[in-house]
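These features come from TrEMBL:
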COMPBIAS  334-348  compositional bias 'Basic and acidic residues'
REGION    315-348  region 'Disordered'
TRANSMEM  6-24  transmembrane segment
TRANSMEM  45-62  transmembrane segment
TRANSMEM  68-91  transmembrane segment
TRANSMEM  103-123  transmembrane segment
TRANSMEM  143-164  transmembrane segment
TRANSMEM  171-195  transmembrane segment
TRANSMEM  210-228  transmembrane segment
TRANSMEM  240-260  transmembrane segment
TRANSMEM  272-292  transmembrane segment
Amino acid sequence: AGFGLGLGLALSSSAFIGGSFVLKKKGLLRLCRRGRARAGQGGHAYLREWLWWAGLLCMGVGEAANFAAYAFAPATLVTPLGALSVLVSAVLSSTFLNEQLNVHGKIGCILSILGSTVMVIHAPQEEEVSSLESMAEKLKDPGFIVFAVCVLVSSLLLIFVAGPRYGQSNVLVYVLVCSAIGSLSVSCVKGLGIALKELFSGKPVLKEPLGWVLLVCLVICISIQINYLNKALDIFNTSVVTPVYYVLFTTAVMTCSTILFKEWQHMVLDNVVGSISGFLTIVSGIFLLHAFRDMPFTPSLLPLFLQPGRADLRPPWSSADRHQSCQHQPLLPSEDKGSQSAEEQEKE
């Protein structure tokens with residue numbers, strides 16, 4: 001029951017989040033046409049645009065469903081299903097934003113879905129965390145503390161050093177900030193989900209300071225993610241931001257969950273190979289979707305016998321007047337041979 005509920009919540013979350021990207025981008029484009037200060041340049045005029053708020057509402061619903069899914073299923077099961085948000089965003093962007101989705105992009109979406117399915121089938125099992133006390137013990141683990149410090153330091157460097165220099169030209173800068181901070185927000189969501197379970201069971205969770213600390217950290221992390229995700233969406237196409245964000249966010253969450261919940265500790269070899277293969281399949285699909293987004297795929301790129309209106313042409317290997325192999329051709333043309341033999345006779 002928990003698996004089915006977590007799976008359904010994760011699927012609905014992907015649908016809402018994928019649509020939120022398109023609504024936000026639509027609102028940012030309307031502000032750009034009006035000449036307002038753009039979000040990529042530090043402006044906050046999008047706060048007065050109802051389309052942007054509609055996108056934020058959809059993202060809130062999706063994140064709420066995602067929040068509930070993390071409470072019922074492992075993070076490594078829920079996070080890969082975010083690939084469906086890439087498909088939803090790509091299809092809606094090509095429909096409502098006139099962004100190009102060529103054959104390579106469609107194949108990339110299919111590969112992302114297949115890889116997510118493989119990862120779900122071979123999802124690792126996390127250690128049981130049933131109370132805030134056990135969650136506190138997990139958070140005190142030295143490995144997680146080192147990971148959290150590395151995330152915070154790298155995020156500060158990206159914000160204050162790399163952002164002013166490369167943020168306008170490189171999509172990875174702002175998306176890396178969202179992904180790194182997002183890995184910590186997932187940990188907060190997992191802890192708050194446990195706190196809500198205890199609250200509904202009648203335990204005095206409101207007196208526990210850990211629950212409030214997790215709530216404050218979650219609000220800070222989400223605020224940072226929203227700010228820098230808006231900057232990335234304002235500068236780059238949605239079809240670029242969404243897949244790159246998915247790959248980086250999934251990698252960060254899997255790393256955080258592995259360190260915090262020890263999800264890979266008791267996995268058999270088959271599940272390890274399946275999880276890695278599924279993730280690499282997703283990365284391959286995202287690469288196709290991102291790397292060839294501007295490459296037009298026209299019928300002229302097809303072989304001659306597959307092009308429309310030229311189906312009567314025979315392929316070159318079946319034509320009667322094909323050239324002979326170089327092994328059967330004379331080394332010199334016949335005229336050159338005749339002139340060479342005449343010169344030899346004159347010399348004699």
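Think of each number as a place in line: the chain as shown, counted from 1.
Glycine is treated like the rest: Cβ placed from N, Cα and C.
Any TrEMBL annotation is an automated prediction that lacks curation.
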| note | Spatial neighbours of the transmembrane segment (6-24) not adjacent in sequence (6+ beyond its ends, CB under 8 Å) are 46, 51-52, 54-59, 61-63, 65-66, 68-73, 77-78, 81-89, 92-93, 96-97, 120, 230, 233, 238, 241-242
| remark: The recorded stretch from 68-91, 103-123, 171-195, 272-292 sharing the largest number of CB pairs under 8 A with the transmembrane segment (240-260) is 171-195
| said: If you count every Cβ pair below 8 Å, which range out of 68-91, 171-195, 272-292 shares the most with the transmembrane segment (103-123)? | reply: 272-292
